[in-house]
């Protein structure tokens, strides 16, 4: 770090701005940074590109905020204060929130399937009863109460191949209803993203502290910002890639909706395992 300090004092800081962005990109590719959890979360909720961008930016925002809090707080609290000393506590807090999110995803999927099944069964039975004898009454009576069945069977004729697939179409409509972004609010997405970025980056904290000690506060802030931009590019790319993959799979693979009904279970289990690992790692770091 001595050479780095010398270069800063010589006025060669402009060279480090693009380098900081590149390092942020590479740093985001390292293990961790919640890339696995973000991708699993986007796949589980069948998220849009907009939601993926929001998730990545939220993770970057919290990651940057933690760097500033630790660097500035450490200067005033104790000279022996380091990123390594506070990291286990942040990991433990993150693990608790992540495990709660995994449990919420699992419970939400199970409840959605149970409620969807309860709503579909009487609707299907009544529909088959009235379709043949009271076609006009069906349009009038069920427009409000069983809209999801009306949509899924729209334009079907008795005996057609589409009619035989009506049950599968009803399932597809139910998937779209359950995983529409109205059920997963922007606040929940932001909370998950903010949680994923709580783990601090010792390298970024060290650079910021050096800049502050050299009375180059503006430069330090700029470099941390550039580092965060690079990190955001990686995290957003991961989320957008997951969102596009979900959309393309839904268009090109007829069996995707069947898999999508079970995907949230696997995603919540995967997120839960990551949370457990993070919690154990944080706990072991605390007791050492």
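Using the three backbone atoms N, Cα and C, a Cβ is placed for every residue, glycine included.
Here Swiss-Prot gives region 'Disordered' for one range in the set 125-144, 145-164, 165-184, 185-204: that range is 125-144.
Swiss-Prot assigns residue 49 and residue 222 to topological domains with different names, so the membrane separates them in that record.
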